[in-house]
Each structure stands twice: as structure tokens, then as C-alpha cells.
Amino acid sequence: ISVKISSSNFRPRTVWLGHPEKREQRYPRNVINNQKYNFFTFLPGVSDYEHCNGLCCLTCFLIALGFVLIITIVREAVEEMRCFLRDKEVNSQIYSKLSTRGTVKVKSSGIQVGDLIIVEKTFVPDICHKGSCFLRTDQLDGETDWKLRLPVACTQRLPTAADLLQIRSFVYAEEPNIDIHNFIGTFTREDGDPPVSESLSIENTLWASTVIASGTVVGVVIYTGKELRSVMNTSNPRHKIGLFDLEVNCLTKILFSALVVVSLVMVALQHFAGRCYLQIFRFLLLFSNIVPISLRVNLDMGKMVYSWMIKKDSKIPGTGVRASTIPEQLGRISYLLTDKTASAQMTTYWTLTQNEMVFRRLHLGTVAYGMDSMDEVQSHVFSAYTQVFPGFPASRAPGATKVRKTISSRVHEAVKAIALVHNVTPAYESNGVTDQAEAEQHYEDTCRVYQASSPDEVSLVQWTESVGLTLVGRDQSSMQLRTPSGQILNFTILQIFPFTYESKRMGIIVRDESTGEITFYLKGADVVMAGIVQYNDWLEEECGNMAREGLRVLVVAKKSLTEEQYQDFEARYVQAKLSVHDRSLKVATVIESLEMEMELLCLTGVEDQLQADVRPTLEILRNAGIKVWMLTGDKLETATCTAKNAHLVTRNQDIHVFRPVTTRSEAHLELNAFRRKHDCALVISGDSLEVCLKFYEYEFMELACQCPAVVCCRCAPTQKAQIVRLLQERTGKLTCAVGDGGNDVSMIQEADCGVGVEGKEGKQASLAADFSITQFKHLGRLLMVHGRNSYKRSAALSQFVIHRSLCISTMQAVFSSVFYFASVPLYQGFLIIGYSTIYTMFPVFSLVLDKDVKSEVAMLYPELYKDLLKGRPLSFKTFLLWVLISIYQGSIIMYGALLLFESEFVHIVAISFTSLILTELLMVALTVQTWHWLMIVAELLSLACYIASLVFLHEFIDLYFITTLSFVWKVTAITLVSCLPLYILKYLRRRFSPPSYSKLTS
């Protein structure tokens, strides 16, 4: 989505439920538009200055330029059509709308402000809704937590959803803005007695690019099209011009300058006789080959070939190319910025992680249980509720030792605590056999899904289910657990203390309905729990050991309360919550009075599942000289553990966690502390990053760019794009952004090369990206093989096209000099046209098939990629070398022909032109590193075309002369003198100073 409008154009609105015709202002259409151009801007945009600024200086009036523009226009038109069809598919998605005629189907593009939309498990427009639900917002803000959304209370008393159309009600909503975490509005029902008005907040909204977890929601549309929060957080897509194209343009400007200089020198050597301006113009036309007009055509056609190769690579299936103009960018990436994950469990593909937390370790201090010993935990839980061990005879159970019973009791207490201290809600869905109501009534395991604000929470509850204690029901005031024997345990929820980033812990007070016992359970990070639990000598050591394994560690504790203790706490807690001043501080103080001398139950270790081959892929990128930055909306702890787990941070590297800063002085102190660290990975939150960039942008970026890896958590979409932009400005290096969610679109569009990871739900990233892949591991081959080959091939192709043009221009300069600086063309008619087309086009273009090493070697030795980061394949040094080769060969051929011709001028043309064609064909063979059968065909075909065309070139070439032995030996001698020294130099270089790739191939 690409539209961005100044916030000054936006106004608050009154939206009548189910009556879009009552709108008081004009609202934008609800359409997705990822196209770069429209009908009016297409031609000006395609033929803009950057596309041909180097080529248009002189030759804009030449017919050949028209061919260049036609090729460019056709290529861009094809890409725009593909983009249009993708947008059309998204805009044609069908939704259900409530109307006076009942439920009707409407396309996404037909949704208007004020429509009542029935939303199921799918992406939604921006709406306020009726009916509580869990929401997944990862495509919008990168946060993988489930968000609880609440209904408008007065609408819940209506018998059916259709009654919303019968009441007179409206929503007053604030003006559209980019803040995805806040919303201000009111809901008013006018036909009530008295009229009812409710305040609306973010908890009452469903933003576009979010997904309903389960069930059905009815909502009124309040924003559409370019006023959506997701759109306003998306930057305008810029027309990306590759660094390689800019370098070629620079070389073309140099060639144009050389053209002007050579023309002026020729006229000056004539002592500016006669009408010198006409002479200058004639020489400009005569030497116009110095500026190779066919260069753009060859490069654009080469880009198409590279794109086709990427899409047809069987080892990276499903890879798409949406911007065929920048494949060479893939070969020069210095910074890779990737999202941790922007998809939850239902999505097919992810970035680095699958966002599925897996329970790995339960530690009780004296004993620890890993994945291979969970059956023992299951036995302990079973024994706690049945007093019989599974797999053991009943007669042996009473004889169990006291130690065994103590361990069993401790395991049971730990598992029960983990099953209770969370914010997970089980939901039941129809599975085709059992309907939803029946499944919820009987707690059907096959119909149950867990919804929570964190994947960590879900993994813990799933683990307790696997060992026998299952969460089967929950509402705002109660919770139900099922034991291994099928008994239902009922607990009343007395208080919940949710997790906050300041407290780093969450707690719950429950009453066991069967015993009346009141227990306070608490879990949190070890740094805060260490001062809350009773003294022990193992907590710090074991937490460190588990963290080094890449596990997220939670400390679980409990405290039994008497009825009197709880009543006293409740009174103080309610009083603190009623305070107007310093409410947060007073509430925290009351809770902390309960968090003292708690009994330490256990440590839990969970791990975020990585995508397949993430570690090898990151290792390849690191060895290739690419620095990886992870930008995610997740919590600091989750992001840090993922970085360790994915080996983004190696074992011998320290991690510097940037402390939260809010002021300039705090940022200054923390930057000084960070400056003293060496070879250290950086972990920083989005809020702290914003403060640092505000006051110390240059200093922070200088330090961050020196880090081997950077992890930025709690990152907003606009911040991701800002980081990419700062990297480009401060380092001048190429950046690549990889993401799979709508919150990554800005970053992808801002980067020099954007890569989207496709999934079944949420294609915003892949639609806006330059390249799309289906798995993160495919990125290695995309860069190491296709990126490297594309850059090296285009470099060789461009330099050879320049060589081809300079060679014939040198011959023309020698010819004019010998004949008293006359502006007479050496070759005329079809000779000059055929030289750049049928005689040399196929062999030169076949260089797009060349490769220095096999793809397996490029993947095995990513250090080869590092050589490209300095831009050596196409540099001023290599350009000057090819200019010298062109001048040498052009001079040898021309002077040789002048020395060896006998009597007639046509003999000069025959000898020099044939030698020129043979030299070009031999130079292609000299340049090729790995022969492809199409290269051989191209060489032979071009030679055959030239020989066959000699029959029709009697106007320029003496047919009798070219059949003589004299012609053959003269052409052979000239060709050998022009090419043999270069072959010898190539051999000597390979022998005494071989390039790195040749050592591997040998």
C-alpha cells in the first residue's frame, strides 16, 4: 500500500452504524495499490532522467534511443501488470455485510465507512466491534502476542446482530493517524431512554492487517483505503535504481566527455578551419559509438535473464522476482535487516523463527527434567492424583521411599503452579464431527485451541497438558483444570497482576474450590524473582546455565494465604486502585507487600523453534561479510534468546543490553559504557533507540555499525524504515531487508533490496518486496549464487559492450588522423549496423550465462561473496584497463590494415572489418570462464552470419580479394597481434597471481 497524505487533511468523523450514505465527508475507497505508476505517470516515470541520463546527453535524438526506451517500457509494463493483478486479487476478497436485505457479499474494494461487516478468521478493515475475541496483530506491529478485544457493552443486550440496523446509533472517531496502539472515540445510542454513550479505546478496535483468532465478530467500518492505520505506517515505495546502474551511468558520462574531447581535438588539429561548429557536429556523429547506446538494451535484457533464472531455480522453489531492475543489488549486500518473526502458528512460513515456543527444561534445584525425561514428570503428576504410578504394580506403590514422595509432591506443586499462573484461555471450535457448543461442554481435546498474549504462555500450558494436568476452561473469574484421572479441579480467580515491562513478572491469586485454600502464584524473570523468593544457593547459577543454552527462563514461586491475610490485602489493593494521585505507585507498593519470602517452586526453560536451516544460513551470511541486524516488535528477552538460539550472536561474543534511557544524559552515559565494549553484539529497545537517535544519532550509528550483530526489539514499523535509511546514509553500503508481515513493508520498501517471505496469511510483505521467497534458508542461495552471478555477469557484459564500442571508435580516430583529420566514416551502411547486432550481439550477450564457480562452491565458500563488496568487478580501474585494451586493439587493427593493404581502399575495409569481427569473437572466448553450450552456438552462429553476409556486401568489400591467400594471412596476422598478447597475459596472471575462485575450481 503506497499512499501517504499529510495528517492536516484528516478530520474526526461521525459514523452511523449500517448507514454509509449518511457520511458527512468523502472517504477514500478501500483498495490496495502497490503499483509504482498510474496511467498518466507511466511514460514520464519509465523514461525518467535516471534511466538514461548517461545515454541521453548526446544521443537523445538518435533513432536507436527509441529502441532502448521501448525495451524499458515493455519491461516496466509487464511488472506493472503483474502488480495490478496481485492488487486486484487482494481487492476482490469477499466479505459478509449486514444490510436491510440480510447478509450480503461484498468485495473488499466495495466496503465503505459505516458498513457493518461480519468478520471471521481473516484480515479485516479498520472497525469497532461487537463481541469479545482474541486478535493477532503480528502483521501490523510485529508483536506475536494475542490481544484481547472487548465489545461495546450496550450492543451485547441486542437479541441478534441484525438488530444493529434497527437502532439509531453512531460512532464518533478521531481523525486517522499513525498511532496503532491508541484510539479515542465514543459510541452513542440515541433511541435509548435516556440516550446511552460509551467511551471507546484501542480495546474496542480491530485494525486492518490483523486476524481474528476464533469465532465471529460484527464491526462497523470507521477507516478505509489510505486512511487505514496499516497504510499510514507504510512509506511511499520509491523507484529503486541499482547501484550498478548508477555506476554504469557514471562511466557513460565519462565516455560522453571523451566523445566531446575527441571531437574538439579533431577540429583543433584542423586549426578550426571553415565552419568549425559543423565540423564538431560531424565528428560528434562520427564518434558517437564511443557512447554505447546498446549498453542499456543489453543490461536490461540481461536483468530479464537473471530474473528468469531465479524463478526457475529448483533449489529455491516459489521464489518470485517483482523488481527485475535490481538483481545485481543482491550481489553487494553489506547489511541484512531481518524481522524475528511476523507470523504466528497458523502461518506456513516465517522469517527466523516459527514463533512456536517449546518447553525444554523443568528445574527443581536438586533435580532437572529435560525432553528425554518428561515421562518421569508425567508419572509424578499421575501419582499425585491417583496414588498409583503408571507402569508399576499397585502393591509396590505404598512401599515407595519418602524421598520419592517428596520429589513427587514437589513436581506436582510445580506443574500445578505452571498450569494456573498465566493468561491463557482455552477456546473450542467445531471440527466437523462435534459442534462448538458440544465441544465446550465436554471439553473435547480435539476441538480445543489455546489463546494467550504470549507464545511462552501457550507453550507452558501445552506442556502441563502433555504431563497430565490440562487447562479446559476459563473465564474472567474462574479456571478449570482436568487431572489425569478425568477429575475437574475448579479454581476461583481472586486477583490477576498482569505482566508489564517494568515489573517483568505476572501473578495470580486463586482459591481452590475443593479445599478453600488461597494461594498466590508468581512467575517472572530471574533478575526480579531473585529478591522475592526465599534464600537459596542454586537459582542464579542454574538460570545462567539455561540462558547460555538459549532458553527463556522463568522462575515460578508461590505463597499460601489465610483468609484474613487475603482480606487485608484486598482492602489495601482496592483502596490503592481508587487513588487519583500516584495510583500506579500505590498499587505496586501493595502488591510488593505480598511478594516477600515466597517459596521457590521451579525454573522453566522454553525455546523458540527456529526455521529450518536458519543457523547455517546466518553462518553463510556472516562468512560472506554481511552484518545481520534483527528488528522485531517482540520483547527484549524473547529477541535476545532468539539471537542466541539462531547463533546470530556467536558463543564467544558478549551481548551488551542497552539499558532503558529516556533523557539525553542517560543516553550519553549508556553510550559511553557501550563504547568501552569490543566485539560485542548490541541489544536495544525501540524507545531507547529513539532517544539515542534524537540526541546522538551520529555517535550511536558509528558504534552500532562496528558491532558484529544488532538486535532491536519493540520496534515500530516506522522505526525499522528509519534504521534502514540511517544505515544507507551513514555507511553508503547496500542494505537488504527481509520480513513477512505488514509491519515490515516500510523497511522492505526503504531498503536497497527488499525480500518478502510468503505465507498463507498476510502477503503484504511479499507484495511490496522486490523479491519473494518461501523460506528464510533460500536467502543464502539467492544472495551467494544468483546475486553474485548477476553482478559479475552484468559487470563483464557492460565492460565488453563498452570495449566493443571503443574498439571501432579507436579505428575511426586512427583512420581520420591518417587522412588529415577528415570527418569521413570508415564503415558505412550495413557494416556499422551489423557490427553491433548480428555479428557480435549473440556472443557478447552470451556472457550472461558465464559463471566463475559452480553454485555448490559459491554456497560452500561464502567468502567469495565478500570480494564483491568492494565493487572490484566494475570499477574505474577495470574500466581504464578495458579502455586501454580497446585503444590497443583498435590501433593494431587499423594500423595493420593500413600497412598491409595493397592498392584499393576497399581492401582496407575488408581486412580491418574482418579482423575486428574475429577479435571480438576471440575476446569473448578470452573473457568466458565457464563455457556453456549456448556460448559455443553463439560464437559459431555469429561467424557463420558474417561469412554468409559477405556475399551481399560487395558494395563495401571486394569479394575476389577475400578469397585470396593474401587476405587470409593478413587478417590472421593482425588478429594474432591484437589478441595473442592478451591471452599470454591472462595465462601468466592465472599462473602467478590466480584469483580466489580459480584456486577453488582447480
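Cβ atoms are placed via backbone N, Cα and C, with glycine included.
All annotation found in TrEMBL is predicted automatically rather than curated by experts.
Per TrEMBL, the feature transmembrane segment maps to 55-74 (among others).
Under the heading transmembrane segment, TrEMBL lists 246-268 (among others).
What TrEMBL lists as transmembrane segment is 280-299 (among others).
Annotated active site, 4-aspartylphosphate intermediate per TrEMBL: D339, in sequence order.
The ATP binding site feature in TrEMBL is assigned to D339, K340, T341, E457, F499, K523, R552, T632, G633, D634, R714, K720, N743, D744. The number of other Cβ atoms within 10 Å of the Cβ belonging to F499 (ATP binding site), over all protein chains shown, comes to 21.
What TrEMBL records for D339, T341, D740, D744 is Mg(2+) binding site.
Per TrEMBL, domain 'P-type ATPase C-terminal' is recorded for 767-994.
If you look up TrEMBL, you'll see 801-821 (among others) marked as transmembrane segment.
Sequence annotations record features per position, and here TrEMBL assigns transmembrane segment to 827-849 (among others). Long-range contacts of the transmembrane segment (827-849) within its own chain (CB-CB distance under 8 A, at least 6 residues past either end) are made by residues 289, 294, 298, 301-302, 305-306, 793-794, 796-797, 800-801, 804-805, 808, 909, 913, 916-917, 920-921, 924, 927-928, 932, 934-935, 938-939, 941-942, 945-946, 949, 953, 955-956.
Residues annotated as transmembrane segment in TrEMBL: 879-899 (among others).
Beyond the transmembrane segment (905-926), the same-chain residues lying 6 or more positions past its ends with a Cβ under 8 Å from any Cβ of the stretch are 800, 803-804, 807-808, 811, 826-827, 831, 835, 839-840, 843-844, 846-847, 889, 893-894, 896-898, 935, 939, 942-943, 946, 956-958, 961-962, 967, 970-971, 974-975, 978-979, 982-983, 986. Here TrEMBL flags 905-926 (among others) as transmembrane segment.
What TrEMBL records for 933-953 (among others) is transmembrane segment. Same-chain neighbours of the transmembrane segment (933-953): 830-831, 834, 838-843, 845-846, 849-850, 914, 917, 921, 924-925, 959, 962, counting only residues six or more beyond its ends whose CB sits under 8 Å from a CB of the stretch.
TrEMBL lists 959-985 (among others) with the feature transmembrane segment. Using a Cβ-Cβ cut-off under 8 Å and counting only residues 6 or more beyond its ends in the same chain, the transmembrane segment (959-985) has close neighbours at 885, 888-889, 892-893, 896-897, 900, 902, 904, 906-907, 910-912, 914-915, 918-919, 922-923, 926, 950-951.
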#### Entry: Euclidean distance between Cα atoms of G633 (ATP binding site) and D744 (Mg(2+) binding site), Å
10
### Task
Could you tell me what the rest of the chain brings near the transmembrane segment (801-821), counting residues at least six beyond its ends with Cβ under 8 Å?
251, 255, 262, 266, 269-270, 286-287, 289-292, 294-295, 298, 827, 832, 835-836, 840, 844, 879, 882-883, 885-887, 889-891, 893-895, 898, 912, 916, 919-920, 923
#### Entry: Cβ atoms near R714 (ATP binding site) (within 10 Å, other residues, all chains)
21
## Note on the structure
D744 (Mg(2+) binding site) has its Cβ surrounded, within 10 angstroms, by a count of other Cβ atoms equal to 34
### Query
If you measure N743 (ATP binding site) to D339 (active site, 4-aspartylphosphate intermediate) at Cα, how many Å is it?
9
### Summary
Students should find that the Cα atoms of D339 (active site, 4-aspartylphosphate intermediate) and G633 (ATP binding site) sit apart, in Å rounded to an integer, by 8
### Task
Find the one among the binding-site residues F499, R552, G633, R714 whose C-alpha lies closest to that of D740 (Mg(2+) binding site).
G633
